[in-house]
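Undergrad: For G12, P13, T14, A15, S16, G17, K18, T19, the entry in Swiss-Prot reads ATP binding site. Under the heading substrate binding site, Swiss-Prot lists T14, A15, S16, G17, K18, T19. Under the heading region 'Interaction with substrate tRNA', Swiss-Prot lists 37-40, 161-165, 242-247, 275-282, citing sequence analysis as support. Per Swiss-Prot, the feature site 'Interaction with substrate tRNA' maps to T103, R125.
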Amino acid sequence: MNQKPTAIFLMGPTASGKTDLAIQLRQELPVEVISVDSALIYKGMDIGTAKPSKEELALAPHRLIDIIDPAESYSAANFRSDALREMADITEQGRIPLLVGGTMLYYKALLEGLSPLPQADEKVRSKIEEKAQKFGWATLHKELSLIDPVSAARINPNDSQRINRALEVFYISGKSMTELTEQKGEQLPYHILQFAIAPEDRAILHRRIEMRFHKMIESGFKQEVERLYHRGDLHIDLPSIRCVGYRQMWEHLRGDYDLDEAVFRGICATRQLAKRQITWLRGWKYPIQWLDSLKNSENKEIIKRAFDLTMQNG
């Protein structure tokens, strides 16, 4: 018997049909939707993130969307805390949390808990940035390779934010990020049914991504990014502006290349994101059932059967 309450994970790459399936499930099962998407958290970033429409949200309200301003920071630790709170609230109502999205790091944080990484320290970060201005980030990347070769191998020498964080962790704790991330936190107190949805043919996903990006442009994506660009308090190194599509449109607005090139690069970046998400899922160490994006009614029945079986055994 399952002593833990049940929750459902509906994972998958971008443009795989997660939202549509979640809305259908919300109509037929006692579930409430929690978004697991590091882009949907931002207010005012609706078109480029493919945020569910008002009509879709009326059918299936999503928790943890539109929760912070694009200038604010939000970590996997923030997500875990927020998601656990929402899951507990849903469970107390006698309903089932349905977690939907493609940010695999968030799912991992939920399932395994978080490593005891130190909180950010602005003084330490400022010192690292001063050092970078003097010697360059490539030099700091070499320093990181001596301290933490595993992290250094994973981090691009131009990725200033991640280099800064890895060095900051070492300077504060005296331990490398690799050492600390091997220590796991508290595990998720739920029995999880895990599903991943994607087209069997990768070419179909690529076509979906391209079609969706062009639809975003028609819906005013450039104008959405222009509003962010002209706010004056945002910049390209923020996680919000580094979201796929936004970064490329931002670079277009500052004159790096024309709109056609921005669209092309945005589509390529979205395809690369989807590839990374699928790679995460292929290497997922937990039991997972794959669903074909082209078989939505069949997918719905598979999840309903698994849900019913779990409820009977619980």
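The backbone N, Cα and C atoms fix where each Cβ goes, glycine too.
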Undergrad: Counting Cβ pairs closer than 8 Å, which of 161-165, 242-247, 275-282 has the most of them with the region 'Interaction with substrate tRNA' (37-40)?
TA: 242-247
Undergrad: Starting from the Cβ centroid of T14, A15, S16, G17, K18, T19, which together make up the recorded substrate site, report each further residue of the same chain whose Cβ lies within 8 Å of that point, ordered by sequence.
TA: G12, P13, D20, A50, G102, I197, R208, S293
Undergrad: List every residue in the same chain as T103 (site 'Interaction with substrate tRNA'), at least 6 positions away in sequence, whose Cβ is under 8 Å from its Cβ.
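TA: In sequence order, the residues whose Cβ lies under 8 Å from that of T103 (site 'Interaction with substrate tRNA') (at least 6 apart) are V36, D37, S38, F79.
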Undergrad: On average, what pLDDT score does this prediction assign to the region 'Interaction with substrate tRNA' (242-247)?
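TA: A mean pLDDT of 98 is what the model gives the region 'Interaction with substrate tRNA' (242-247).
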Undergrad: May I ask which residues of the same chain, at least 6 positions away in sequence, place their Cβ under 8 angstroms from the Cβ of P13 (ATP binding site)?
TA: G102, A198, L205, L273, A274, K275, Q277, I278, L281
Undergrad: So what sits near T14 (ATP binding site) in its own chain, CB-to-CB under 8 Å and at least six residues off in sequence?
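TA: A50, G102, I209, V244, T270, L273, A274, Q277 - these are the non-local Cβ neighbours of T14 (ATP binding site), listed in sequence order.
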Undergrad: Which entry in the list of recorded positions, K18, R125, has its Cβ near the fewest other Cβ atoms, using 10 Å as the limit?
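TA: Each of the recorded positions K18, R125 was scored; lowest Cβ tally within 10 Å is R125.
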Undergrad: Which residue counts does DSSP yield for the region 'Interaction with substrate tRNA' (161-165) in the helix, strand and coil classes, in that order?
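TA: Tallied per class, the region 'Interaction with substrate tRNA' (161-165) gives 5 helix, 0 strand, 0 coil.
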Undergrad: Between the Cα atoms of R125 (site 'Interaction with substrate tRNA') and T19 (ATP binding site), what distance do you get, rounded to the nearest Å?
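TA: It is 38 Å, counting Cα to Cα.
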Undergrad: What does DSSP assign S16 (ATP binding site), in three states?
TA: coil
Undergrad: Would you count the other CB atoms within 10 A of the CB of G12 (ATP binding site), including those on all shown protein chains?
TA: 25
